[in-house]
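A.B. asks: I grabbed these lines from TrEMBL:
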type	residues	note
TRANSMEM	24-44	transmembrane segment
TRANSMEM	51-69	transmembrane segment
TRANSMEM	107-128	transmembrane segment
TRANSMEM	149-171	transmembrane segment
TRANSMEM	242-271	transmembrane segment
TRANSMEM	292-314	transmembrane segment
TRANSMEM	354-377	transmembrane segment
TRANSMEM	389-414	transmembrane segment
TRANSMEM	434-461	transmembrane segment
Amino acid sequence: RKANVVLETRQLAMKIFEDYTVSWYWIIIGLVIAMVASLIFIVLLRFLAGIMVWVMIVMVILVLGYGIFHCYMEYAKLKGEAGSEVSLKDLGFQTDLRVYLHLRQTWLAFMIILCVVEVVIVLLLIFLRKRILIAIALIKEASRAIGHIMMSLLFPLCTFFLLCLCIAYWASTAVFLSTSNEAVYKVFNETACQFSGQTCDPETFSTSNVTKLCPDAQCLFAFYGGETAYHKYLIVFQFFNIFMFFWLANFVIALGQVTLAGAFASYYWAFKKPDDMPAFPLFSAFSRALRYHTGSLAFGSLILAIVQVIRVALEYLDHRLKAADNKLAKFLLSCLKCCFWCLEKFIKFLNRNAYIMIAVYGTNFCTSARNAFFLLMRNIIRVAVLDKVTDFLFFLGKLLIVGSVGILAFFFFTQRIKLVQDTAPSLNYYWVPILTVIVGSYLIAHGFFSVYFFLLFLCFLEDLERNDGSAEKPYFMSPDLKKLLKKTNKGQPDA
């Protein structure tokens, strides 16, 4: 049975590979459509933020409604068909995933999930409707900033390129470590043999005594390595390589975050926008980050890398303890994994806000992290509402783009669009390119919208705390935000 599972898995992998070979260019076209849609969405958001947000909310509700309707139609169409009433539990695991689409229970589960998501979104919109207006004002301000710093939309590509270099360096080093020294060969024999498992030399194996005592024995490759102290501690070098990868990757991400934060801070703290902004804000912020803040970025990345490599070590221990029967050790290991997962999330949140304070004030990492943390704690209600509402709205934007592109890919690859019915490739599993397009579209939309995550929120909070609207301390926020919050600059005209 195990051999059959291996063979079926191999056949499934080969069919998936074949689907990629005949549909890769259509997948790229789908990803380009997602990229263009994300870019158009952000550009339109600058001029029609309020309308776009409400249209986006309505469109997401309609897309989910169509999904519920489609699942219901498929559920009703399968009524009375042979084999459609079989439950998922009775069917078990099938390598041909198309079998599940012929079951009524599958479409019923999809419909229930979509209904729950629809109800949750509607309830959130009802309870947060008043805060959405403030979130729209922040989005408008961020859209104006992007309008003056259009290169910020392409800057994530630079971060992506640097991350690819880090991945290539880590992968090549890991391969060199794994294949270091000479190959080790061992004796393999199907019948009982006293030499089984011992090392051997393939060049002299045919003339050795082993073949005389065990005629069916073979000298086969086992692994790369040896018995020296270097090979005994090779796992330590691999962990060090993983640690360096996490450190470099986190440093690259931190560099991108502080660069974007510095560029948009130069927009927010310019009283006369855009006259008081530098000529090339993104380049200026990148130069400042490399010249003055490299140590702070490296220190913040080091803390995060240590936590991440500890999580990797815990996963490695969990893998080694799978065959053990010590339930207490497994419980403690699960608790440690949960705690370090929470710690990693907290450090990422703290680092992100610390980098914004570094870009604004130029202070070191510890001072910036402390100031950012206490600033957020003093405005915990506003942070919990406005920031999360804004994140939720952009999540809806990503959901709209991913859902639209996913539906388009579904109709195309299932040959339901009559105009291009003959153009669509013939596939073993049409869900392979559809899932690839959906995941790729989400990553692209997240890459575009992630620019907003580091925009003006901390600057907005700092502006409210530090200034009072007097001639000596005027507000730097936009007139729309001042009007919404009932704030005025008494000593000077608004920018």
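The backbone N, Cα and C atoms fix where each Cβ goes, and this holds for glycine too.
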A.B. asks: Need a quick answer: max count of Cβ pairs under 8 Å to the transmembrane segment (51-69), which of 24-44, 107-128, 149-171, 292-314, 389-414 is it?
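C.D. replies: Result: 389-414.
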A.B. asks: Of the stretches 24-44, 107-128, 149-171, which racks up the most C-beta pairs under 8 Å with the transmembrane segment (389-414)?
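C.D. replies: Stretch with the highest Cβ contact count: 24-44.
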A.B. asks: Report, as numbers and ranges, every residue of the chain located at least six residues beyond the transmembrane segment (242-271) whose Cβ falls under 8 Å of a Cβ in that stretch; write 'none' if there are none.
C.D. replies: 141-142, 144-145, 148-149, 152, 155-156, 158-159, 162-163, 166-167, 169-170, 277-278, 281-282, 284-286, 288-290, 293, 297-298, 300-302, 304-306, 308-309, 312, 351-352, 355-356, 358-360, 451, 454-456, 459-460, 463, 474, 476-477, 495
A.B. asks: Using a Cβ-Cβ cut-off of under 8 Å, list the residues of the same chain that are 6+ residues beyond the ends of the transmembrane segment (292-314) and lie near it.
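C.D. replies: Tertiary neighbours of the transmembrane segment (292-314) are 239, 242-243, 246-247, 250-251, 253-255, 258, 333, 336-337, 340-341, 343-344, 347-348, 351, 354-355, 358-359, 362, 364-365, 368-369.
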